[in-house]
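**Student:** These came from Swiss-Prot, pasted as-is:
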- 4-11, 133-140: ATP binding site (BINDING)
- His157, Cys177, Cys179, Cys184: Zn(2+) binding site (BINDING)
Amino acid sequence: MYYGFDVGGTKIEFGAFNEKLERVATERIPTQTEDYSLLVNDIASLIAKYDAEFGVEGKVGLGIPGMEDAETGALLTSNVPAAKGQFLRKDLEAKIGRSVKIDNDANCFALSEAWDEELKDSPSVLGLILGTGFGGGLVFDGKVFSGYSHVAGELGHSRLPIDAWFHLGEKAPLLECGCGNKGCIDNYLSGRGFELLYAHYYGQEKKAIDIIKANEAGDADAVEHVDRFMELLAICFANLFTCFDPHVVALGGGLSNFALIYDELPKRLPKHLLSVARVPRIIKAKHGDSGGVRGAAFLNIK
């Protein structure tokens, strides 16, 4: 039995999956935001509850909005303040008496998609989230690639490539990122970035959904903005694809619902890729909000 926990800022979602990777249990509880010991106890209590229900000790995986320090194991997270700087994996292991896997929630999203029935035989799957932020994860042969320092999936904190700057023009905004650097693609390719760029160029704040509707209605500013954004996506994605050369790319987050992306990217990508490079298959993620808990559970698949 595989247990997955999607530990978010306001709630923890639990899911249990059998050996066929079918979900057989679901539970949601509020996230303890201040008391770390209660946070650990809440997770341990759910594990004990479902161990008793299924009569087995489930294999435990946690997905978190952050990462472990590769040297100390301390948790780097701002969205779960009770766990910031704490040794969540080690403390939970001591509490329940078994090993625990932990990874970034974007990596869990990618892993969930990679283990979808349709994609599980794909040698490499790149999961990209175009939501409030931009991030992702890379899965090789069914395993997350986290890298030397556990930051391999922090794609949103790579910088805009030079051709993207030229594409945005001389009035391009140099946006400051929450990580302390400037020019991180998180601030440009995310749903938030889609809105920020529109406000920057047209002096008017609009929600992404309203910009998309205006584009479909033929509004000149929205059409120009969407065209500029699609090319920006193609440039930045081409840089990522040149690094990773994935077989399949699964898109999640709010902007992944923008159907035009799946028409435009395959047409725009080739001119930004090496001449011998093939455009990967680009699809909308299948598992949506359940991807985090699925991927967390599947961290234990060998």
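Glycine is no exception: its Cβ is also placed from the backbone N, Cα and C atoms.
Here the structure is a predicted model, which means the values were calculated and not measured.
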**Student:** From the Cα of His157 (Zn(2+) binding site) across to the Cα of Gly4 (ATP binding site), what is the distance in angstrom?
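**Tutor:** For Gly4 (ATP binding site) versus His157 (Zn(2+) binding site), the Cα atoms are 27 Å apart.
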**Student:** What is the set of residues, excluding His157, Cys177, Cys179, Cys184, whose C-beta falls within 8 angstroms of the centroid of the C-beta atoms at the Zn(2+) site?
**Tutor:** Gly156, Gly178, Gly180, Asn181, Asp186, Asn187
**Student:** Using DSSP and collapsing to three states, where does Gly4 (ATP binding site) fall: helix, strand or coil?
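**Tutor:** Note: Gly4 (ATP binding site) is in a strand by DSSP.
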**Student:** When you tally the Cβ atoms that lie within 10 Å of each candidate's Cβ, which of the binding-site residues (Gly8, Gly135, Gly137) has the highest tally?
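**Tutor:** Going through Gly8, Gly135, Gly137 one by one, the largest Cβ count within 10 Å is at Gly137.
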**Student:** Where Gly137 (ATP binding site) and Cys184 (Zn(2+) binding site) are concerned, what is their Cα separation in Å, rounded?
**Tutor:** 17
**Student:** Counting Cβ atoms within 10 Å of each candidate's own Cβ, which of the binding-site residues Val139, Cys179, Cys184 comes out highest?
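**Tutor:** By the 10 Å Cβ neighbour count, Val139 comes out on top.
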**Student:** Would you please pick out, from the binding-site residues Gly4, Asp6, His157, Cys177, the one with the fewest other Cβ atoms within 10 Å of its Cβ?
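**Tutor:** The binding-site residues Gly4, Asp6, His157, Cys177 were compared, and Cys177 has the fewest Cβ atoms within 10 Å.
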**Student:** I'd like to know which of the binding-site residues Asp6, Gly8, Val139 sit within 10 A of His157 (Zn(2+) binding site) at the Cα level.
**Tutor:** none
**Student:** Near Thr10 (ATP binding site), how many other Cβ atoms are within 10 Å of its Cβ?
**Tutor:** 9
**Student:** What's the CA to CA span in angstrom from Asp6 (ATP binding site) over to Cys177 (Zn(2+) binding site)?
**Tutor:** 25
**Student:** What does DSSP call Gly135 (ATP binding site) in the simple three-state scheme?
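**Tutor:** Going by the DSSP assignment, Gly135 (ATP binding site) falls within a strand, counted as strand.
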**Student:** How many Å lie between the Cα of Cys179 (Zn(2+) binding site) and the Cα of Gly8 (ATP binding site)?
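**Tutor:** Gly8 (ATP binding site) has its Cα 19 Å from the Cα of Cys179 (Zn(2+) binding site).
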**Student:** Can you tell which of the binding-site residues Gly8, Thr10, Gly133, Val139 lies nearest to Cys184 (Zn(2+) binding site) in space, using Cα positions?
**Tutor:** Gly133
